[in-house]
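Visitor: Structure below; questions to follow.
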């Protein structure tokens, strides 16, 4: 069982198999969920000087390292960290009123994009938010960027700048015990269930920085354990993505890096456990929005895309909402003084949100801000929403919904990739992973554009399989369905006519004959 959740690892694996392809189609193929609005360049780090955070960071520095000189420009860290694809500024409300409802962005994201699916109309703040709204404290209203054109993967961002951010996330946002309380507890037994969480979290802290060893962590209650596991699971999930889409800067090929996975995750099973915990928490939040999303308008001026997006999201929430419930948020914040603890919980997560502005890599900052927003939205839905009501619930902004679904997509991919890494380690086939090739990811097209140009993008599952868009019916979480042999009878159709049944029999005979004949013809080539 996944501790602090109501589910087994096997149940989560089975659930992920059910939704993996559907979730991928939502985040990759709908304009609503494939574009994200955020303030990426107009916010300063509120905790330290940005210059200090980037002084040791190859991702954003001028290329002066000798070993980088032999690397082609497009494979260097500073190029990998840059955003790709078109960007569009968010128009103020008065400008929105002057523009056609169908084109509030005036084609800045491309002519095929359904702009009414993308523009943020609901950017008001709420006291019940667990994340800092993107436009808070900034003169700019942010940019719209493509998440498909900017996949989360290795960028070369590392060193003191990256460690400083994670150090702050873990150290400054931990629930620490007062020293007197810590000394008093040394003679007491650790409460049941707290030992594992303390051990898990300390392992993460020790990996990040040796000077953090021995922090007096306060994990005696469920709420504080949830906070720690949420941060650790997010870190583990991000690490999995970077290990899965890793760039060989010598060959320019993207491929899974097994050594990266072994070092960051395989040797630390508690981190993988925390990813499962995050999956349970976020998927429960998405399921809780089922009623709210039934009346949600995804695209105000594009009924076709609106209906298609709603159909996919409804299918997702239906699957996630089926029993058993895998996370019970009602167990939290029930004790006396819970309101103060809840406010502390919310404020600490807002600090994590603000720390994302200190990340010195554009793509890393994009995905860091999105996923922190996604987890913050999950907490908001879990602890502030009543799934039986609509009007009394706090507002849910478009940015929050996009972040929530994409964050679930990222965790889903992390679990799938982790399975693939684990299979490679167990089988000893360490080179059995697919290679992306040096070509960049295919440019994202909207649903309209795809129909116009008749293009199909290639996707890669969390296993070792490529598949084309539109082939989802033949795809099962890491493998293809076995092709039916010509002599195997298809499932019976009770409504079939006499001639349809006759055709089935003829196809069996003729298909088998052709198969045998082709086998004879192939014999010389196989000898």
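Quick reminder: no glycine exception, Cβ is built from N, Cα and C everywhere.
Heads up, TrEMBL stuff is auto-annotated, nobody curated it.
Pulled these features from TrEMBL for this protein:
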- 55-60: disulfide bond (DISULFID)
- 153, 155, 166, 232, 235, 264: FAD binding site (BINDING)
- 361-364: disulfide bond (DISULFID)
- 361: active site, nucleophile (ACT_SITE)
- 364: active site (ACT_SITE)
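Situate these features within the shown structure.
Guide: Taking a C-beta cut-off of under 8 angstroms and a sequence separation of 6 or more, residue 153 (FAD binding site) has the following same-chain neighbours: 241, 242, 244, 245, 246, 247, 254.
Around the Cβ of residue 361 (disulfide bond), 25 further Cβ atoms fall within 10 Å across all displayed protein chains.
Take the CB of residue 364 (disulfide bond) and look out to 10 A: across all protein chains shown you find 25 other CB atoms.
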Visitor: Among 153, 155, 166, 232, 235, 264, listed as contacts of FAD, what is the widest Cα spread in Å, to the nearest whole number?
Guide: 21
Visitor: State the three-class DSSP label for residue 235 (FAD binding site), counting H, G and I as helix, E and B as strand, and everything else as coil.
Guide: helix
Visitor: Taking the Cβ of residue 166 (FAD binding site) as the centre, count every other Cβ atom within 10 Å, in any protein chain shown.
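Guide: 19, counting other Cβ atoms within 10 Å of residue 166 (FAD binding site).
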Visitor: Work out the three-state DSSP category of residue 153 (FAD binding site).
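Guide: Once the DSSP labels are grouped into three classes, residue 153 (FAD binding site) ends up as coil.
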